[in-house]
Each structure stands twice: as structure tokens, then as C-alpha cells.
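**Q** Structure in C-alpha cells, see below.
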């Protein structure tokens with residue numbers, strides 16, 4: 001397949017899909033997806049599907065261009081705010097202006113309706129507002145919009161503010177009339193600053209009392225705030241997160257109104273917004289892998305990793321392609337999460353998520369009633385984590401390894417942003433869960449939007465736990481174990497809820513916790529794994545389908561396997577976050593990974609090929625564990641009964657002179673066929689009456705790396721392939737190389753000499769026919785099709801008379817060569833081409849002696865070829881569907897293969913060679929193993945090395 005792919009196709013493929021996946025067997029399926037939409041990608045340069053990678057979140061996609069008046073108005077307002085810096089009016093693009101303007105004026109949802117839509121009656125363009133609107137209060141214009149985090153704080157402090165409404169009203173009555181307007185303008189900001197410390201001094205970062213006092217001072221400034229200082233704050237806002245980055249840490253009071261505080265451990269919880277790094281890359285300046293000695297190494301990795309790919313496609317292109325692997329996070333129907341438009345750039349819990357789930361806040365309700373409701377909610381099953389999963393699950397019968405990374409943008413941390421309230425990992429897909437043997441279940445009705453089904457709806461079937469066996473740990477817990485030995489759920493005997501329900505994330509989740517560094521499978525039995533991860537850390541999560549393990553990485557450092565024995569299960573990427581935490585995700589589609597996933601994958605490929613090459617020796621080593629029992633059996637039962645069970649003796653008992661052991665009962669063959677059988681080139685005796693039957697021996701392949709059987713067989717196959725392709729001179733050169741390599745050392749040269757004699761006989765026997773086919777190849781490659789037809793008539797007179805299809809292929813190729821060499825400016829050449837086309841039509845389409853099925857096929861091909869006459873330069877101008885007729889692949893390689901196979905069939909010779917059969921059979925075998933998810937060498941827990949083999953890329957493209 002790869003020989004027909006040009007550089008343009010490969011460039012698209014490398015941009016569209018992660019590089020490590022293109023080295024797996026799944027690469028074949030990815031190529032199929034691309035080739036099915038190949039025409040779409042070749043027209044992308046003239047469409048809007050490419051966004052030049054300037055707008056990863058999709059803001060402004062598909063919008064009309066701003067009018068000059070609208071652009072000028074937006075430019076003026078933003079320049080007055082001082083947020084455009086030194087960017088010139090001509091250099092800034094429309095999408096950037098819209099994005100920045102919408103940040104400072106969030107009520108504007110559609111600029112094309114407000115500024116650029118023509119009035120149908122007056123045929124005029126409406127402008128933004130009157131000039132008087134431009135002279136609004138400077139403080140109101142320059143005050144940055146509240147961020148999502150600040151909205152979360154408002155939602156948490158609203159109860160306290162409502163409780164003090166009466167006091168606030170009394171204070172307002174005492175204020176002067178001149179201050180009323182200013183107080184109204186900044187009421188929201190004062191409410192926020194009463195709870196938030198904006199001091200950026202690192203020394204006071206952990207001092208809660210000082211921060212509270214300073215917050216009160218800021219809240220008392222009111223309308224006397226300096227406009228210049230407000231403008232300086234606005235200058236720091238280049239995107240919706242810069243305003244947060246200007247704060248080093250924001251203390252969150254952990255009284256009863258803090259709805260997501262669940263333990264005394266988080267009594268010092270602080271909010272750490274994203275850093276001020278302008279880069280959207282996954283590279284991080286702060287590296288903490290959990291192992292201090294690896295910090296320097298990780299720093300070097302990060303400095304050279306996380307680069308942007310050349311993928312400039314819109315995210316919807318993967319939906320068009322039918323991409324069957326994860327590409328974005330799933331939006332939850334209960335609005336528990338805020339997700340960027342592309343589904344990966346930004347993910348955080350909805351600040352108002354808890355208010356949706358608990359009760360409707362009403363201004364008419366009394367403070368005591370609200371306190372009772374709040375206390376009732378906190379003492380019941382509240383949800384601490386908002387969860388989501390990827391849009392696609394992982395097909396375990398296609399993948400070798402799957403890997404993705406997240407970068408932590410902001411955290412709520414108790415350790416100076418060194419930890420986070422984030423859980424990353426994988427979740428079992430609903431249909432992979434086994435029915436429980438116990439009827440006991442714990443209600444999860446309070447956990448909205450976190451069911452196990454991918455659709456996002458709550459379903460009590462998500463409480464199903466795996467069946468089979470269980471083990472007792474003391475007298476306090478029952479663990480229900482999967483077949484591989486992984487605990488999927490744990491229920492306390494006393495009926496208390498488990499960890500997944502305590503925090504609100506799903507059952508059957510295998511995750512790495514950012515707040516304590518533990519790994520958990522949704523049970524109380526968490527295990528120490530690594531250090532916690534915090535802000536700016538890049539955490540990777542991979543699943544290895546070869547050995548059935550899940551592993552994690554931190555800032556490019558592999559942390560080791562976290563879970564094992566997870567074979568034959570279907571997973572989906574999963575993440576859980578508390579409010580105040582946010583992440584950016586990399587599925588490998590738009591950015592390279594920080595971790596060297598290709599190097600990790602190559603190590604497993606090396607193990608796989610090592611396992612294949614010494615597979616029979618591995619069988620011997622396995623038998624060595626039972627060597628004592630084998631000796632006892634031999635003593636008791638005699639050597640005759642033990643002979644069939646001793647793998648070592650079977651391996652050493654190979655008859656090098658008579659051929660394979662499985663051929664002993666076959667009919668007697670002549671010397672030539674016997675020699676072919678010896679090198680696996682003869683007739684396959686497993687076929688009886690055209691049906692493949694199971695052989696009565698365990699080993700049908702007696703090749704070994706310990707002797708010369710494997711290289712000798714390959715040398716015969718190569719010679720056979722060269723002769724089959726008509727490359728007789730190359731075959732002779734290959735024979736000379738074999739003669740030089742055959743060295744007589746203690747009689748070990750006999751096998752090599754047998755190969756040389758076999759190849760000599762094959763060349764001598766086929767030399768005449770090989771020369772004929774070699775001459776045909778030369779004439780076809782030179783485009784001398786007319787001479788080729790005459791040569792075949794002279795050397796094999798009856799061939800063309802009995803093969804009308806070959807005659808048509810040759811004459812059609814001759815017609816194509818004429819079109820390829822013709823000039824559109826020469827009228828005589830055009831006339832000759834038309835006459836030649838009519839001649840072919842009369843000979844192959846209108847001749848009633850030709851069967852109708854052949855005439856229809858000839859007519860279709862000739863119609864496609866005739867369409868090339870409509871183009872002055874068909875190689876450049878014609879669509880690829882018909883310009884392919886003029887390619888070298890069609891006029892040279894394909895034409896020779898058709899001619900060569902026809903000659904071999906006419907001479908009653910095999911039209912296939914042994915090497916091609918081995919390759920096709922190997923492809924079929926690997927495909928079958930993947931399709932049925934076959935076990936490893938001996939059982940389901942052994943590594944499944946065949947999953948790492950990409951035969952075409954690893955072997956055939958060396």
C-alpha cells in the first residue's frame with residue numbers, strides 16, 4: 001500500500017494523527033480513513049477548513065469579515081483600554097479583535113448581528129452605539145470582567161452576603177448620594193475583594209489573617225480608585241486568564257459555606273491560577289517528577305518537547321473522518337463542566353455546578369432557612385468532583401499503546417500549588433463490566449452527571465461490580481476481583497460508602513490522584529505511587545495493551561506501571577476535577593508529547609521481535625520448570641510415551657536431509673520437488689481436496705535460528721522472487737554472492753551448497769522465459785508498447801490470440817502513451833488521438849463477437865481515458881482519478897504485472913511466488929490475532945507481542 005502514497009499524502013497523515021499510532025497496526029485503519037476522504041484534503045487549500053493554527057479554540061470560525069467601520073470602532077475602544085500594545089491596525093486580524101473585545105464586553109454574542117448586518121430596508125450598516133456610549137465611566141470600562149474562578153467565589157460567598165443584606169442596606173442608607181453610583185458600579189468587586197486577597201507578595205502567601213485585612217482595605221477604596229491603576233490592570237489582560245495570573249495565591253475560607261471542602265486536611269486550601277507563561281505548549285518551566293535525581297533530565301526533556309504539530313485542521317475534521325479514537329472530552333448534560341470549543345484546550349468544573357444540584361437560591365428565603373439547607377446538603381452525599389470522559393473508547397483489538405497528556409493550568413492546593421484536586425486515568429466502559437454476584441449496592445442518586453455510561457445519563461446499572469471470586473482482608477472488607485486480579489470495587493461490611501462515592505467520581509476508574517500521589521481503582525485501598533502533581537505539571541496516562549498495564553508519566557518521566565493484568569477490557573480516558581482546578585489536554589493530534597512515547601513503544605517492539613526470533617527457545621525455557629517431573633514420567637512410562645511431551649527433543653530431532661518431519665507420510669516426490677519442500681517452496685500438504693486441514697503435528701514450521709535452515713530458506717525465496725519478477729541478471733548476481741559466502745568449515749557448508757545448486761537449476765531452467773519477460777519489462781518501461789506487442793507475437797505466438805484482455809491492456813497503454821507525449825497545440829496530434837480512440841472503440845466495444853461483460857468493462861476504461869483529451873495538460877489539470885492512468889505505476893509496473901501473470905498462466909506456471917505468499921499469510925495471521933484478541937504464549941496474562949508488530953512498516957519498509 002505504501003508504494004502508491006506520495007509525499008503529500010504522508011504529510012497529511014503525519015499532521016492528522018499521532019506519530020506513535022502510525023507505527024502500530026492501527027496505522028492501516030488510519031490510512032483507510034484518510035484515503036476515503038483523500039479528495040477532501042487535496043482541496044483544503046481553497047477552503048476554510050484550515051485555520052492556520054492561529055485559533056485553536058475555534059473562536060470566530062465561519063464568521064464574515066468585519067467591515068471597515070466595525071473594525072475601526074473595535075480598535076478604538078480596545079486602544080483606549082490599552083490592551084492591544086504595539087500591534088498595528090493593519091497587522092491585527094479580525095478573529096483576534098473579536099476575541100479580545102468579547103472578553104471585555106461579554107454581553108456581545110454575535111458581532112455580525114450587532115455591527116456588520118445590513119438593514120434590509122435602508123441598505124445601511126448599523127454602527128455599534130452613539131459616541132456618548134464611548135464616554136462611559138472610565139472605571140467601568142477598564143474594570144476586567146470577573147473570571148470563572150471569581151464567579152465560583154461569588155457563588156460560595158453569596159450565602160454569607162445574603163445573610164448580611166440588612167446590614168448592607170443600613171450602610172447604604174447612611175452613604176451620601178454622590179457615592180451611590182460608584183458603590184453600585186463596584187458592588188460585585190467589593191463583594192469579591194472581601195473574600196479574595198490580591199496581594200502578590202510571596203512572603204504573605206500563606207498568612208490568612210494578613211490577606212484578609214488587605215482584602216478589606218481594597219474593598220474600602222470604592223469610587224476613589226485611580227483610573228491609571230485600573231488601566232495597568234487592564235494592560236495585563238491579554239487573554240481571559242492573565243488577570244488570574246497576576247495573583248500569586250487566593251485564599252479560600254474553609255468555613256461551612258465552602259461546599260467542596262471535605263476534610264480537615266484541606267483546611268489551608270488555596271487557589272493557584274495559571275502561570276504567566278504565554279506559551280500554549282505542553283512544555284513547563286517547573287519540573288517535579290517525584291524523583292529528585294531525575295529533575296535535570298526532565299528539564300532537558302521539557303525544553304525539547306511539547307512542540308506544536310503542523311496540524312492546522314479544525315477539530316470537526318475528525319468527526320468528518322470518523323476518527324474512532326479519543327479526540328476531545330465529552331460535554332456533560334448537567335452542565336457540571338466548562339469545556340472549550342475544541343474540547344481539549346481548557347477544561348474546568350462549572351463554578352455554579354453545586355447550586356444546580358442542591359437547591360434554588362431565593363432572595364426571599366430567610367438566612368436561617370438557607371443555613372439549614374446548606375447544612376443538610378453538606379451532611380448528605382454531596383459531589384466534590386466533576387467528571388468527564390473522552391468521546392471515544394479504546395478498541396483493544398486495534399491498539400498497541402494509547403497515551404495522552406494533560407497540563408495542569410490552575411489548582412486548589414494545600415502545598416503551594418505542588419498538589420491539585422485532579423484525578424486522571426481510565427474508566428472501564430459500561431459494556432465491559434461484569435454482572436455482580438452480590439445484590440448489595442450503594443445508591444448514587446446524589447451523584448449527578450457521573451454515571452458509568454458514555455452517554456452521560458444516570459443509570460443504576462453503573463453500580464454493577466465484577467463477579468467471580470472475592471478475598472477477605474481481615475474482617476472489614478470484601479473485594480470483588482476481576483479475572484486478572486484487579487480490584488474493581490470495594491464495599492465496607494458496615495455499609496459505609498467507598499471512595500468513589502465519597503468524592504463523586506465513577507466506579508471502575510483506574511486513576512492517579514493529584515492531591516496525595518496515590519493510585520486508586522475507586523476503592524478505599526489506594527496505593528502509594530508517586531508524589532502529587534500540581535500547577536504546570538504535565539501528567540501523561542498510557543495504557544499498554546501488550547501486557548495489559550496502565551502507567552503514568554510526570555513531566556516526561558515514566559513513573560512505572562500503576563495497574564496490571566487489565567487484558568480484554570475496554571477503557572476510555574477519564575478525568576475528575578474539583579472546582580478551582582483546570583487542565584489542558586493533549587491527545588497527540590495538535591501537539592507532540594512531552595514524554596518520549598515513541599521510544600517507549602520501540603522498546604516493546606524490540607521485545608516483540610526478540611520474542612518472535614527466539615520463540616522456540618522460549619518454549620524450551622518454559623519446559624525447564626517441569627524438568628524434574630519429565631524425568632519421573634520418563635522413568636515410569638518409558639521413553640516412548642515421553643517422546644511426544646519433550647519439547648527439547650522435538651526441537652533437536654530435525655531431519656536436515658529428508659526435509660520436515662511433517663512430510664514423512666506424504667507421497668514420494670522427485671528430487672526437484674523434494675528439494676523445494678525442503679525450503680518450503682513446494683506444495684502445501686495441509687491442503688486436501690482444496691480444503692485446509694489441521695496437521696497432526698504440533699510444529700509445522702521447523703525453521704530455527706540455531707542452524708542454517710532459516711537463512712537458507714530465505715535465500716531460496718529471494719531467488720524465486722527475482723526469477724518470478726524477470727530479474728534474471730539480479731538473480732545471477734545474488735547467486736555469485738551466495739557462492740562467495742559459502743565457506744567450507746568442518747562440513748557445515750553442505751546446506752549452503754544445496755541452496756546454491758537449487759538456485760542454479762532454477763535460473764538455468766527459467767533463463768529463456770526470464771529473458772523474454774525481462775525484454776518485456778524493458779520495452780514497457782521505455783513506453784515502446786507497439787514493439788512489445790510484436791515481440792510477444794514472435795516469441796509466444798498463441799498468447800495474444802487466446803488473451804483478449806491482455807491485448808486490450810497493451811493497446812490501451814499505447815493510447816495512453818500517445819496522450820502523455822502529445823501537445824495540445826498540435827492539431828495533427830489531436831486528430832490522430834481522436835482517430836486512435838475511435839479505432840479502439842470499434843475493435844473492443846462495438847465488436848459483437850466479444851462477450852457483453854468484457855465490452856462493458858472495456859467501454860468504462862476507454863471512457864475514463866478519453867476524458868483526458870479535454871485537458872491541455874492532463875498530468876497537471878486532470879483530476880487524480882483519471883490522471884492516474886498516465887502515472888508510471890499504471891503504465892509500467894501494473895502493465896508488466898498483468899503481462900507477466902498472463903504469461904505464467906499461459907505456460908501453466910504458478911503466477912505467485914513463495915515470498916509473496918509468506919507475506920500475505922503473515923498479514924492474514926496478524927490480522928486474525930488482532931481481530932480475536934488472542935492470548936499470549938500460554939495464557940491470557942502473558943504479553944501479547946503480536947500487538948506491537950506493524951509488518952508493512954517494520955519489515956517491508958526497512
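Don't overthink the numbers, they just go from 1 along the chain as shown.
Including glycine, each Cβ sits where the backbone N, Cα and C put it.
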**Q** What range among 570-596, 597-623, 624-650 does Swiss-Prot record as region 'Disordered'?
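**A** Going through 570-596, 597-623, 624-650 one by one, Swiss-Prot gives region 'Disordered' for 624-650.
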**Q** What range among 440-469, 470-499, 500-529 does Swiss-Prot record as region 'Disordered'?
**A** 440-469
**Q** Tell me which range among 39-83, 84-128, 264-308 Swiss-Prot lists as region 'Disordered'.
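**A** Of the candidate stretches, Swiss-Prot labels 264-308 as region 'Disordered'.
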**Q** Where Swiss-Prot marks phosphoserine, which residue is it, choosing among 246, 549, 920?
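**A** Swiss-Prot annotates phosphoserine at 246; the rest carry no such entry.
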